[in-house]
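Copied from TrEMBL, the annotated features are:
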- 66-90: transmembrane segment (TRANSMEM)
- 97-116: transmembrane segment (TRANSMEM)
- 149-174: transmembrane segment (TRANSMEM)
- 194-212: transmembrane segment (TRANSMEM)
- 219-239: transmembrane segment (TRANSMEM)
- 259-279: transmembrane segment (TRANSMEM)
- 300-326: transmembrane segment (TRANSMEM)
- 346-369: transmembrane segment (TRANSMEM)
- 390-408: transmembrane segment (TRANSMEM)
- 420-439: transmembrane segment (TRANSMEM)
- 469-487: transmembrane segment (TRANSMEM)
- 499-517: transmembrane segment (TRANSMEM)
Amino acid sequence: MDGKPSALSRFAKRIEVDAEPGLTTAQLMVPRVAQKANGTSLAQLTNHDLKPVEPARRQWGPWNFVGFWIADSFNINTWMISSSMVVAGLSWWQSWLCVWIGYAIAGVFICLTGRIGATYHIGFPVVARSSFGIWGALWPIFNRAAMACIWYGVQSYIGGHCVYIMIRAIWTSWDRATIPNTFSVESGTTTADYVSFFLFWFCSLPAIWFPVHKVRHLFTVKAYFVPCAGIAFLIWAVVRAGGVGPIVRQPARAEGSELAWQFVKGVMSSIANFATLIVNDPDFSRFAGKPRDALWSQLFTIPIGFAVTSFIGIIVSSSSTVIYGGDPIWDPLVLLEKFIDDGGSGQRFGVFVIALAFALAQLGTNIAANSVSAGTDMTALFPRFLNIRRGGYICAAVGLAMCPYNLLTSSNQFTTYLSAYSVFLSSIAGVIISDYYFVRRGYLEVKELYDARKTGPYYFRFGVHWRAYVAYIAGILINVVGFAGAIGRDVPIGATYIYNLNFFCGFIVSSGSYWGLCKIWPIPAVSDRWMEVGDEIDDLRVAYDSQSGSQEFADDLAVDSPYKGAHQHEKMV
């Protein structure tokens, strides 16, 4: 042997991502174990995109969050959820009330998880380590990444529908009914639709390249352009319907207990639309200059922004019944297609501009809610080789490979998917929120979250926190039977009622179980009173040298902090 590295080793070295100087191979989650001078093993899990955000990159102020949520609210998915309530039998005002209630609740949850990121400037993958354990966090992270990839495909397919309308507004011969179709009828798509989907997917790739702290400019542009197009669409639909009068006079088609449960489902659909964002808001809030920058800006903008967008969707969907008769058209893009068939070149130009705005809306939503989230999660799964950018491109590839059009064949199937999606994420959110607010009372030892030594406070047993997993599974199990009923199985009516409240049931059971288990079997690194020490941490390096360890970091923090002695740091037996 000449001592030269193998070709595989050289290739692995070549594709490594940027990381903080001083990290060992073990600290980048590879098999070899680094050793301290005293023989204690060190292992961390980090790279540049996983480490705490340094002050230079904390560029998100309150107005950036306002623009972010206004931009995110104007997307086709929000329209579909609100208008599908009209299809389910609610009147326009009942549907809108569902939206206000649902998104106001979602805004509270967003602020709860977002504060963790804004205070300690760490993303969801690192936050999850405090409750699920250093290695136990990998499953929630993988779960969230997989869901983001699926959702990326769904949003891209909706964006592809926008592209289809844009092309058809220019060339009416671009028609799925006349272009030879190579897909089966059961697939839920056609050749023309799939080509449009691919074009949107391909044109979205450059947007994934930009780092998170700079992508805020995309949301600023979207926040100005898209709402104007949405309002124009609203006015256009109302004028064609002969005014608002015929729309608002339409009564609810559901009655009695059916009406009540449809109302509950409407509220839960609104919350389910935020299930992913509730979990991963720290991925964005960690770039906030101060914790309050991510508080009021999100708490008020979310219900107001999404209520305005949903109002447009509800009125436009209701207007379709007046214009064309029959059942409401729950997909606004289908209504735009009808506008193409009805009018001349001037009307087609209007359709093109609105479809372009919707395509931009889908792009921004996909970047914010999916590619960045999946990319951040994947950095925690393979920190040596993946960063947010590479993870975003993997997310896009998975979104292309899956079959998102199968989830959009009807409003019922779409909302069923949303409910199933929230079941898993509500349990994750319940554990994380309970851990931070009720168990640890705001106290985190940030450097320990990057340390996989067995003596670390977040290592628990074998790197997995069994209390978190018991609570997580309990939150899922309470909804399992009801979910079986939602997909067509015969189940007790009580299970159906529980599943109608799926997010709340999962969240309450998981958070309550976690708190109770931690009371019975206490965990280390907790405070006996409220103690957020994020502002006390000036040294954001997470690499250890041979002279330092995580205990020294914790001791230094305790010495420098005005809260000295307020925390407990016990060794797990």
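From the backbone N, Cα and C atoms, a Cβ is placed for every residue, glycine too.
Note that TrEMBL annotation is computational and uncurated.
The stretches the transmembrane segment (259-279) and the transmembrane segment (194-212) are not in mutual contact, being linked by fewer than three Cβ pairs under 8 Å (pairs 6 or more apart in sequence). Of the ranges 97-116, 149-174, 346-369, the one with the most Cβ pairs under 8 Å to the transmembrane segment (66-90) is 346-369.
Between the transmembrane segment (194-212) and the transmembrane segment (219-239), fewer than three CB pairs separated by 6 or more residues in sequence fall under 8 Å, so the two stretches do not touch. Tertiary neighbourhood of the transmembrane segment (300-326): same-chain residues 65-66, 69-70, 72-75, 78-83, 85-87, 92, 95-96, 99-100, 103-104, 106-107, 110, 227, 230-231, 233-234, 237-238, 240-242, 244, 246-248, 250, 270, 274, 332, 335, 338, selected by CB-CB distance under 8 Å and a gap of 6+ residues from either end. Looking at 97-116, 346-369, 420-439, 499-517, the range that has the most CB pairs within less than 8 A of the transmembrane segment (149-174) turns out to be 346-369.
Remote same-chain residues near the transmembrane segment (420-439) are listed as 109, 112-113, 116, 127-128, 130-132, 140, 143-144, 147, 151, 268, 271-272, 275-276, 278-279, 468, 471-476, 479, 483, 486, 502-512, 514-515, 518, 523, 526 (criterion: CB distance under 8 Å, separation of at least six residues from the stretch ends).
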